[in-house]
Protein chains: 2
Amino acid sequence: MGRWEPNARGRLQEAALELYVERGYEQTTVAEIARRAALTERTFFRHFADKREVLFAGSEALQECAVEALDAVPAAASPIDAVAAALEEAAAVLQDRRAYARKRHAVVSANAELRERELIKLATLAAGLAEALRRRGVGEPAASLAAEAGIAVFKVAFARWVGEADERELAEVVRESLGELRAVTGGASGGSR
Amino acid sequence: MGRWEPNARGRLQEAALELYVERGYEQTTVAEIARRAALTERTFFRHFADKREVLFAGSEALQECAVEALDAVPAAASPIDAVAAALEEAAAVLQDRRAYARKRHAVVSANAELRERELIKLATLAAGLAEALRRRGVGEPAASLAAEAGIAVFKVAFARWVGEADERELAEVVRESLGELRAVTGGASGGSR
DNA sequence: GGATCGATGTCAGCGACTGACATCAACGGT
DNA sequence: ACCGTTGATGTCAGTCGCTGACATCGATCC
């Protein structure tokens, strides 16, 4: 048995989410989170860069798995299909944590600072996907456009999935939303209608 | 003549941008900005919600003019073309403040907190465009997808425009980028390649 | 068994931000 | 011309996010 209770980081994450749900993000102090986890404020900031980051610890792993999925797509696939495969992989991960993802989303969407952090995580994911596309020979601006468009689709799909009462799979909503983006952008390069 | 020097808000914006350029955003304190503007820290926070917002004061006006441009598009136009018209209007506004826009962009892109704020402003713009699309009868998720895709195009186009040495018009880069998005998403709804 | 290490605690301090109250020129009504 | 109100600003005290420096002490390695 160690000198301290194990899993300090996990206890902080759990305590933070509980408190953010109970009284809201702004009304919660870092000292309170640390106290509920039986730690000190200083230790909180050794594990997480700031008060928001405690809710976004899994985002690097999600990005890694999306990028790996993109790298695994056959070279013959189009950029947008490669991005779609990566997003469906990410969707599958969130699907497995469905209850947690929804609770977390409720907290994040209730606060502007947390939404900002979410957006920069998505932008970082887009940059990672664009870089992976360039590795497979896609040029600019096609790589960035495919990645950013994919993230746009993912944002819309996630919002629908969270709001829906039924039990469709997130990956399915992503596929459907991508199809609707294709419909809305149209294929021709100069046309209207 | 008033009791105080006029245009306190403008002086604060000017002083802030100068200092952010001179020593960087993080190394600048609000007290220093206020002092350069011959005001107090407290007054700074009466004009701007936080230290970042002083760089984003024009974003509401930009959104308003984009939304108005969208509302003015003939009803026959497709959603994506309506969004394109709105973005070209916004592009024209930035084109007129080209030197300022580039200096400001250098400051914002050098700091993560400022990038977060920029992203949420763009997300707010997307929401405003989506709402305007819904007013013209576009359903969901088409409205959100068209708006988010438009913002994705705008982000990529703006980055290219800022990075380019030549003097192309931003609106032209936006149009070109939208064409490239169309090319990259493809028109068919299920196909690859 | 002693040196080292790593996770945590303690403490002092800065800077962002806020609420409460004071100030005082300008303005409008009488 | 006087006076009450208004609104932008100043002053001050205080909370909270976040950081650097140093102390603690079980675990681990030689």
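Every residue number used here counts from 1 along the chain in the order it is shown.
Each Cβ is built from the backbone N, Cα and C atoms, and glycine gets one as well.
TrEMBL entries are annotated by machine, without manual review.
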Out of B:29-48, B:49-68, B:109-128, which range is noted as DNA-binding region by TrEMBL?
B:29-48
Using Cβ atoms and a strict cutoff of less than 8 Å, what residues sit near the DNA-binding region (B:29-48) while being 6 or more residues removed from its termini?
5, 8-9, 11-12, 14-16, 18-19, 54, 57
Secondary structure tally of the domain 'HTH tetR-type' (B:6-66) (DSSP, helix then strand then coil):
41 helix, 0 strand, 20 coil
